[in-house]
Amino acid sequence: MGFLSECCLGGTALQTLRLASIPHSFLGSPKTLTLNRLRVIHSRRPLPGLAPRFRPFSASAVRTVPAVAEGDEKVVKQNRQWRAAIDFKWIRDNRDAVATNIKNRNSNANLDLVIELYEKYLALQKEAERIRGVRNVVANKMKGKLELSERQALVEEGKILKEGLTALEEDLNELTDKLQQEGQCIPNITHPDVPIGDEDCSAVRKMVGSPREFSFPAKDHVQLGKELDLLDFDAAAEVSGSKFYYLKNEAVLLEMGLVNWALTEVMKRGFIPLTTPEIVRSTVVEKCGFQPRGQNTQVYSVEDSDLCLIGTAEIPVGGIHMKSILPDSSLPLKYVAYSHCFRTEAGAAGTATRGLYRVHQFSKVEMFIFCRPEESDFYHEELIGIEEDLFASLGLHFKTLDMASWDLGAPAYRKFDVEAWMPGLGRYGEISSASNCRDYQSRRLDIRYRPSTTDALAGSPKRGKGAGPTQFVHTLNATACAVPRMIVCLLENFQQEDGSVVVPEPLRPFMGGLEVISPKFRRV
């Protein structure tokens, strides 16, 4: 069972976070009123040791929430912290396992604080229920025949009880927000077979093919793209900045061909095709486990709004069934989505990321599955199998890795990466990944299903009121084709001594039958 979010701020609010306060029973001895054996809160004090732990924001991120007048209900509603269905009881009851998992994933989540806040939340909730019970007793007394003085005393007592309960409920809401803020930092649990450590500890799961041996000096895709008049980085840098590019001539056909080839092949396997919004609410980004704000964020935020550009179609596809209860009969739901993607690539530099390998904008075909919990391991294997079939059919040499715990990010329970050999760059480079996120994302996006039960006598499924309680679905995602890196692989692996590049046979029907990309004739 997964439970949490990479975004430790939880929600879109960038305003000052109020400190939570809780009643006297947890804080010592604030001033109280004693009324018919009921102690009602008369003062509010902040939780000890719970000063807000803010993550740094970039200047552009801070500007994404416009300044507003205090009391604007619409803005308050927009900035209210969203809440995930985190199983805090499970976390508390499995404290040692969760602590080990946090350590194994190199996370900075504060488990002790989460459990402390949860215990205070339970106690505060119990206190609120006690006051409600006393209010009910007072209300029932007022139904009887009473002297005027007795009724007046009960009315006054009811008012004080109401004020005390209102204060408690405000404290409970603030404490819940703080609990969510900290709880969402705890990463998903980890598959027992995942290697522990950094990326270098990842295990090779499969090796396909072998590196091509060239009888001539191999060029990288940047040189090939220039000589074949396929890529223009210089003009793009003038127009948009570094890490942007123009595709030209056959490279345009290659991009369109790759997209249509990937969509066609994945649709054959029962996936529903989608194009998606490419601007989404920041809360949806957070609920999928990505951090939309911070100095090293990979997410572009839209100024003066709560909107972000997507870094992957995983985000809008994950949100397509947000706040839904899916019919059991509809599962699994399999989507294949085409979108443009936008990433800041903060901190990325050097020869290892030059050219098309790491860019700010690119096209991608993404697979996404919603399924029953007991089926997610099976569909994870299916997704990585599809990726391996696609890349093998193009004749690429690649290896599949079972990624180590430090490289999983917060959402993934397990992640397989495919790294293809890129001879021009002289190394393997990641071209896809496939992640099983279990119920980590669905608990944040509120996506459930109602399992159908079986009539023991008739053997037929029951639905409706007689069916079992709802459960959170499991979500999985995998890359079918990240276009720029596929272009890197194809240009570098299929280059010829005369400077041309052979188009792999599976792509030719999607490129008008083009077999070879040849050097352009240039008049001297």
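Glycine too: its Cβ is placed from the backbone N, Cα and C atoms.
Of the candidate ranges 158-185, 270-297, TrEMBL annotates residues 158-185 with the feature coiled coil.
Separation of the C-alpha atoms of E366 (L-serine binding site) and I431 (ATP binding site): 12 Å, rounded to the nearest whole number. If you draw a 10 Å sphere around the CB of I431 (ATP binding site), it holds 23 other CB atoms from the protein chains shown. Cβ environment of R343 (L-serine binding site): Q298, V299, Y300, G311, V359, H360 lie under 8 Å away, each six or more residues apart in the same chain. For the binding-site residues E345, E366, the largest tally of other C-beta atoms within 10 A is found at E366. Long-range Cβ contacts of S433 (ATP binding site) within its own chain (separation 6+, distance under 8 Å): M403, K415, F416, D417, V418, A478, T479. Cβ atoms within 8 Å of the centroid of the Cβ atoms of T312, R343, E366, N477 (the L-serine site) belong to the same-chain residues I310, G311, A313, E314, I315, C341, K364, T479, site residues excluded.
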